[in-house]
Amino acid sequence: MKDKLIIKYIKKCNPKGMEMLIDNYNGLLTSVVRKHINPVLNYEEECISDVLFAIWENIEGFNNKENSFKNWICAIAKYKAIDYKRKYISKISEELDSNILYIDENLYKLDMEEEINELLSSLNYKDKELFKRYYLNGDELEEIAKDTNTNVPALHSRLSRGRKKIRRSILK
């Protein structure tokens with residue numbers, strides 16, 4: 001009897017119907033949503049609001065010959081909760097993926113820096129700086145020569161000797 005009255009009020013767009021729905025079925029709707037929305041429980045209230053709105057909007061679709069009102073609203077709650085779960089888990093997953101990618105890039109950079117420093121450890125400070133500027137930063141030898149008050153052939157010689165030192169240190 002209550003269900004018929006709730007349906008009648010909601011179909012006539014009378015807010016009293018929603019009040020009665022909440023009074024009679026709020027606990028049931030909450031438990032259905034909670035069961036299916038887990039682990040994103042912080043969206044539970046928002047989901048329940050959407051469930052109530054969906055009931056209000058789709059009351060014309062209810063057919064008491066096919067289903068009981070209770071089962072119908074539980075089905076709406078279940079599928080809304082599943083939609084929320086899908087939506088927010090994919091959002092959380094994307095955020096985690098971007099964080100993991102950021103962490104991976106930083107770890108990769110740290111590993112590369114360690115390897116480069118290890119390779120260059122056999123060189124003196126000036127040669128290390130020359131190698132970093134030329135090979136890592138891509139600076140032109142003319143620019144490096146100007147900054148260090150050296151000529152380009154001297155830098156070629158230092159690079160050649162440095163490569164030989166690095167080769168010897170690797171082969172040890």
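The backbone N, Cα and C atoms fix where each Cβ goes, and this holds for glycine too.
Copied over from TrEMBL:
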type: DOMAIN; residues: 21-87; note: domain 'RNA polymerase sigma-70 region 2'
type: DOMAIN; residues: 114-166; note: domain 'RNA polymerase sigma factor 70 region 4 type 2'
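Helix, strand and coil content of the domain 'RNA polymerase sigma-70 region 2' (21-87), in residues and according to DSSP, is 57 helix, 0 strand, 10 coil. Per-class residue totals from DSSP over the domain 'RNA polymerase sigma factor 70 region 4 type 2' (114-166), listed helix then strand then coil: 42 helix, 0 strand, 11 coil. The average pLDDT computed over the domain 'RNA polymerase sigma factor 70 region 4 type 2' (114-166) stands at 88.
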